[in-house]
Each structure stands twice: as structure tokens, then as C-alpha cells.
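Take a look at the structure below.
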Amino acid sequence: MISMLYFVVESMGSFCSRQQPLNEVDSDENKQAAKIDSRIAEETKAEQHIHKLLLLGAGESGKSTIFKQIRLLFQTGFDEAELRSYTSVIHANVYQTIKILYDGAKELAENEPNSLKYVVRADNKEIGEKLSEIGSRMDSPCLTKEIAKEIVTLWNDTAIQETYSHGNILQVPDCAQYFMENLERFSEVNYIPTKEDVLHARVRTTGVVEIQFSPVGESRKSGEVYRLYDVGGQRNERRKWIHLFEGVTSVIFCAAISEYDQMLFEDDTKNRMMETKELFEWVLKQSCFEKSSFMLFLNKFDIFEKKVHRVPLNVCEWFKDYQPMGSGKQEVEHAYEFVKKKFEELYFQNSKPDCVDRAFKIYRTTALDQKLVKKTFKLVDETLRRRNLIEAGLL
Amino acid sequence: MPQYQQQASWRLEGGGQVIDLETAVKDGILGGGESGGGLPAGKDGSFGASAEKLDLKKMIEELDSAAEEDVPSVFICPISLEPMVDPVTLCTGQTYERVHILKWFSLGHLTCPTTMQELWDDAVTPNQTLHQLIHAWFSQRYLRLKKRSEDVQGRTAELVKTLRKVKGQARVQALKDLQKILAAHPAVKKTVADSGGVALLSSLLGPFTSHAVGSEVIAILVNLSLDSDAKANLMQPAKISLMVDMLNEGTIDTKINCTRFIEMLMEEKSFRSEVVTRLSLLVALLRLVKDKRHPNGIVAGLSLLKAICFHEQVRSLIVSIGAVPQLVELLPNLTAECLELALHILDDLSTIAGGCSALKDCAQTIPNAVRLLMRVSEACTQYALSILWAVCKLAPDECAPLAVEAGLAAKLLLVIQSGYNPELKQRAAELLKLCSLNYTTTLFISKCKLTRTIQ
């Protein structure tokens, strides 16, 4: 009787597409499956508690600097090996910078009306040509004391200084001054970059980088867990990969407000601020960010502060209706408020009515200043935690 | 009668007296304390110089308003139910306030009011013991009250000093403590102002202020009276930005505090409309106004919006965020106070082209406005009428029929017949004419009659 039952059960199994295993094997496999299921459930739950932050912005808006700052603030920072790895980057940056300045001076000397001030001194020309050639190579040589001396000489040439002060129409990086001032240190034989050096170093981000961290609060209790993503900023096929970030807790959009008079690296006929404006509009319209909070970092405030007095905001088409009001610190605040309002307008114009409950906050930042970044991030953390409580109905 | 001298033996220190007042006060139900102070009785046996009585009277008054402790029942006059200033005892042994018992006698009664016994002796004896006890009791508590209020002032000054030094959680706690004291003892506002508290609190608001600190500061500032300089200082863009952020993110109390505070700032002469020309502020206010869970918030939000609408330059911005349809849709659910505010806002917005067309485009405008005529108050009727007028003038062919269908004609007739001001009635008449243009007389009258019977 039992064997008949056995037979029936067996044959029943063969009718199904999958063989029904017998009791013991059955329970083993089930146990395995259950284990995997619970593991998946655990990890999904853990994932849900991780707040994902996405850094977006045009090229050179300071995203990667913010990224590095967060590493320095909330992780173990850079170890010696990593610091060393930046040496060649910094040396390359130096060569690139001086090349841009020298080539720029030549260009200005040819095209500008009072060209004489851009003409490099005769005895510096040879140095200039040599450095320009080095800067164009893919692999730059190590920065030796001799070359450093030559660079300093060239840097001190009035024509180069003149070029630097008109750097906006060229692609002179903002940290040119920092590099030139620290040449002696960079050219030391046993040079290991400092944290400050690393923050200034410029590498184009390719692909996506991420770090996970937990900002430790004042009371040292464990805080929220954040995962920060940094993507490259240059014009590329954004629309293809942006949806991979659907449902991030927050988009941190970096806009360098000092760039209102500068042109794009990829297209030197396009004003950088206009590019940022278009990018922000595009990001706001993406449906994948419908539920995400928007944190707008108006970055490079320190450069903005100084530039506002020299270069009127109206040179940028978006800001053409700006009316200067006073002078000194008041003027800076006034100009900053104007820019803020413009971004606010842009935000509300491009947010659909059902996105009204999205958190939107504007922060002024100077990514290179670690203290400021820490303060700013504390505010971001507070906002996101409050959001959580509000959504949970506890506030 | 002999002058009643206060003997040393009656005084309070030293033992061996029949009554040791100090101990009695200390150990008895009357609590510990001060010596009563000796007082010589006057010629007629009444107590003390009038200066002494005034003191006691004053103390009684102040303590009464502080209303902290119950006065012991033995101190209370059975006639007036007030503490006795000049207690006198009858031959029955009952004690009353002199003034009142004499009045009793003067009315012709020769009985003891409480025991109802006939008096065999109409003499009234000043009860010095009781007087001293009463005085001692009140003095003690009066001095305690004064000390505590000084204490409170001292504590407040301490807190302000602390605020200058601490940061982080300690700062938030100090602010919370300060707010608690201010809520319990409004008189310390002056102390805060005197110790530079206002400027200090103001300086705590800036671009890097956390929400925790900012919300506490605003909760304090909104209850202080600020001078023009302080207010001007608080109108700095960075501080206003912080307030707007808190309006967006805070608890309902914080939101209301910020709203009221900004409204307060707007009353300053030096106020410029750019301060409130901010989309984030207007959006936050609109959200506040639509939050049905918190009626306080709705009132505060509408009040500020109305103040903002007063500035013509901001009106188009308000319209651009879609305020008009959202406000119109709110109307049926608002209280009378809110209705007046909301209608006032919509009326102001109707003065600009964008606002007027937004009103026209919103389907609920006409029905809601017609319904509100003659419903709530003269002011509401005036605003509703003004809105209808603006909309019908803009697109008479489209709007007039809608209005008439909604029962406008009958309402207008009511307005015209009402006791409201003549200008309003004139307007109503004109609107009636405008609306009747597209109808024949009979059809129009039927519209009126029909709607009246519906009502």
C-alpha cells in the first residue's frame, strides 16, 4: 500500500515540470531558500535605511571637492599611499596650468587691442615654449627644483600676471594661484601631498564613485548612514544613466556661482552659468527625482565674493536684470541674494505641482574650506533627519 | 484709653512670653518667617499709623494678584471674606474687619453676625495678636515674592550671559530655558533687552544656524518688543532666508512664530518689499494656509499673505505660484475671520491682469463668491462683490451668465436693499445692470424669482 502511494507520488511529480523532491531533500532546499530569502530581506531593509545622496552639477562645479571633503570629515581620510598617488596628478596640474597661462598670453597678445601687456619678456620666451610643450604631453615628467624655478620665473612675468587676471576667457583653473604659490614644496624630492593639496588637485571624474559614511553627531550617537555618489560633470550622455539614481533621498546640485563670466571647457562659446542653468532645469524635470529633496550648493562663494566687485553680474545673460546696490559686504550679500532668487525661480518654474512637497534648500558653500563644508553638511543632515521624522508623522 | 505701647515682652524674640509670635509663625500652619514688627495702637485703639495699614493693604493686593497661596481662614473677615487689615473682636469673641462690623452696627444690628447672639456689650476690641499674625504672614510672603522676581531677573541675566558663551546642545537648552522663563514671567522682557539679549539673539541667526537653534530664537523674539534698529537688523537677507526655511520645515508652532514675526517686521517703516518677494516664502505660506489640521496656521498665514498683497509689486509673483485657484477652493471651509482675509487677498489680486484672469479661469470663483454675498459680513460682501465685478468686467459674455445661474441677481437685490454703505450698493446696482444685459427683462426677472424661491 505504502509503496503504491510512493509510486503515485513519484509519478505525480513527473507530470509537473519540476520533479517534486522527497521529504528530506525537500526540507534542505527549503531551508536554503528560506535562508537566502531572509538574507535578501535583511539587506533590502538595511539598504532602505541608507540615505543615498547624488552629487550633480556641471564640470568643475566643485562636486569632487565636496566628495573629498566628506571623505576627510567622516571617514578615515586619505592614507599615505593614496596621498602619494596624487603627486603625479598635482605635478600634471602644475604643468597644465602654466601651459594654459603661457598659451593664453600668446593668444591675447595676438588678439587683444593693448597687446603689449601680454607679451612675455624675451628671456622668458624659451622657458615658456618648453613648458608649453611639456604641458601638452600625456605623461608629464616629475617636477624638479630646476623646472620649478623656471615656472616661478615665468609666473612672475608681468605678461603672465596680466593674463591670469583676465583668466575668465581662458580655461585657467581657479586654483592656479595655489599651485604657483606652493611650487617649492611640490618640487621637493620627498614630496607627499597634504590634504589641502589633494583638495585642490584636479582630476576629471569618470564613471561613478561612491562612499558610505555616518556623520557622527555632537553626542557621539550613531547617526544616519549616508551613501554619496559622485558622477562626472562634463557633457555626456547623462540621460542614459541618470535614471539609475531613481529614488535617491537627495540630489546635491553644485553650482559654482563664481563662474558667471567664464566659458565651458568643452565649448568655449558657451557661458558656464548658462550651462549650469540648463543642467539644473534638466535635472528638475527628471521624473526619477520626483520624490528626492534638492539641496542646492551655491559653491565657490569665496571667489564670488571677490569677483562681484570687479566683474558685474550682468555679463551673464541670465543675470542681465541685476542692479548693483551698494558696495563692500552689502553688495556681496545683495548680489548673492539675487543669484539665489534666480535659482529659486528656476526651481519653482520647473517643478511640477505634485512635487511641491519636495524639500528644497539653498546653501552657500566654499568647497575648499573644510570647516564650512562640515557646518553645511550638519545642516543638510539636520534637514534630512527632520524630513524623516515628518514623513513618519512624528513631527 | 491708655496708649497701647508695644512692650518688649510682647516682642518676638526671647522665650517665656505667653505668645512667642516668631515661633508661632515659624512652627504653625502659617509657616516660618519674619517678625511681625511692633506697632503701637492709635488713640482709638486702631492699629498703627496709616502708613502701616497701607503697607499691609498693598501687600495683600499684590499677593492677591499673584494668587499663589490660600490665605489662612482665621485671617478672613466673615463679613467681607477678605483678609483683615484692622481686626477687632466683639464680646462674643468673634473677630471682624473694623470697617465692616461698624457698618453692621450702624445699620441697627446689635448682634454678632456669625453666632447671631445678641451683644451685651457693643465695644470692639482691636485684636492686636491677630493683626500681627496677619502682617507677619503677608510680609513674609511678600518679601519672598519680591525676592523670587529678583531671582527670575537674575536668572534671566545669567541665561543671557550663558548664551554668549555656549554652543551646540547647550545653546539650544539655554534658549529653551529662557523661553520658559519669559512665558512664566513676562516682566523679564525688560531684563532681556537691558542685558543686550535682543542683539545677541539676533546675532545667532545666520546662514549656518541650525533649525533647532533658529526655531528657539524665533519663539523668543516673537514675544519681545523690539525697537526699530533691532527690527532693521533682523531684515537682513540671510536672516530672512533662515526664517523662510523654518517656515517650510518647522513644526506648526515654529511656522506660526515665523509668520507672525515676519508680519511684525513688515510693520516697520524701513521695510522694503524685496524682503518678502521670495517664491519660497510665498509657497510656504500657501502650504500653511491649506493645512486643514491647524486652524491657527491658516489664520496666521492668511494674515501675512494679506500684508504682503498690500505691496503691488509682489502680487504678480503670488499669482504665478497658483495662489488664486488654491485660495478660491479654500473659501467654503474657512471661518469668518479667515474669509475676510482670504477675500481681501483675492480682491487685491484681482487688480492685476494676471490675477483677474486667474480668477476668471477658476471654475469655483463665481459660485463661491456669489454664495458669500450677504452671508458673513459687510466687508466680505464688499470684497466678494469687487471680485465678481472684476471678473464680469473682464469677460462679461462668459461670466455674467455663470454668475446669474449661480443666483447672483437675487443676492445683488439683497445688497441693494441692505443698510450697507451707499458705494457698495451702487456697485451692486451696476453689476446687476451688467449681468442683465444679455437677458430679456422677463427672463432675467424669472432668474431672480427662481433663485429667490430656491433660497
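In case you wondered, yes, glycine gets a Cβ from its N, Cα and C as well.
Taken from TrEMBL, the feature GTP binding site covers A:60-65, A:199-205, A:230-234, A:299-302, A:ALA367. Other Cβ atoms within 10 Å of the Cβ of A:SER64 (Mg(2+) binding site) number 24 in total over all chains.
In the three-state DSSP scheme, A:SER64 (Mg(2+) binding site) falls into the helix class. Residues or ranges marked as Mg(2+) binding site in TrEMBL: A:SER64, A:THR205.
In this structure the alpha carbons, written CA, of A:ASP302 (GTP binding site) and A:SER64 (Mg(2+) binding site) are 17 Å apart. Each of the binding-site residues A:GLU60, A:ASP302 was scored by the other Cβ atoms within 10 Å of its Cβ; the lowest score goes to A:ASP302.
In this structure the alpha carbons, written CA, of A:SER64 (Mg(2+) binding site) and A:GLY232 (GTP binding site) are 9 Å apart. Its own atom aside, the Cβ of A:LYS63 (GTP binding site) has 28 Cβ atoms within 10 angstroms in the protein chains shown. Over all protein chains present, the Cβ of A:ASN299 (GTP binding site) has 30 other Cβ atoms lying within 10 Å. According to DSSP, A:ASN299 (GTP binding site) sits within a strand segment.
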